[in-house]
């Protein structure tokens with residue numbers, strides 16, 4: 001690993017502050033591209049088990065997409081987007097800041113090139129950093145997405161949803177699912193950033209800098225990082241979506257009850273519900289995220305060189 005690190009081309013000095021602002025812009029790009037398929041993913045993951053003789057509400061990703069489009073139009077695919085937009089900008093800012101800080105903390109000198117396990121560890125730190133913002137945003141988003149599918153109108157929007165959750169169960173109601181968010185995001189974020197850095201290094205022509213990578217190569221590296229991220233994160237994400245949208249008191253022992261119910265009633269493959277929607281979304285959304293991040297970083301390096 002150390003030898004691999006030495007072979008890699010030198011990179012620009014790490015600036016967690018620049019990572020913060022560039023990551024926020026990357027997060028906005030991700031939401032605009034990826035939210036429609038995120039809506040489909042959540043609806044597939046949370047659809048009720050059919051009664052005997054009845055069929056599933058959605059037979060799969062494309063059926064869910066078609067029914068949502070027919071019943072609710074394009075706006076239906078973007079239901080609940082305000083919550084992730086307001087949550088994702090600071091969340092991705094904090095995520096990329098955490099990754100930058102994780103890298104900086106492991107460097108003995110500014111010229112140190114980190115190994116891939118070190119990059120994985122820095123990515124895991126970013127997952128810890130983002131949970132405080134991610135957990136309530138995900139809770140509100142999931143509730144709004146399934147509300148639109150069920151036809152009930154309990155919540156008037158993200159702010160109304162947050163107010164009702166707080167009124168009903170206090171801060172614990174808003175942060176329901178935090179442990180599962182950590183279980184998803186810590187290992188998945190490690191895989192996310194390590195994969196992106198690994199692919200960037202592989203795709204960089206010999207003798208050139210990774211900062212000069214072409215747009216198609218950045219898009220490919222970012223898209224594949226998203227796929228690797230979700231390959232790790234989807235089972236805890238299924239548990240999280242089910243737990244966060246369940247009525248109060250349904251799962252008194254937390255995610256363990258959700259896991260037992262899913263395995264007993266639907267088998268191991270239930271942990272991969274929404275897999276197709278997740279993977280279709282993962283590539284373009286994360287390609288857009290990392291391209292936005294790299295463009296913003298170039299602008300910040302031009303605006304404030306050497307910091």
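Each Cβ is built from the backbone N, Cα and C atoms, and glycine gets one as well.
What you are looking at is a predicted structure, and each value in this text was computed from that prediction instead of being measured.
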Checklist entry - Per TrEMBL, which of 44-66, 113-135 is transmembrane segment? => result 113-135
Checklist outcome for this item: transmembrane segment per TrEMBL, picked from 20-37, 146-163, is residues 20-37
Item to check | For the repeat 'Solcar' (114-202), the number of residues DSSP places in helix, strand and coil | outcome: 77 helix, 0 strand, 12 coil
Checklist entry - With DSSP, how much of the repeat 'Solcar' (213-299) is helix, how much strand and how much coil, in residues? => result 72 helix, 0 strand, 15 coil
Next on the checklist: With helix taken as DSSP H, G or I, strand as E or B and everything else coil, how many residues of the repeat 'Solcar' (14-105) land in each class?
Outcome noted: 71 helix, 0 strand, 21 coil
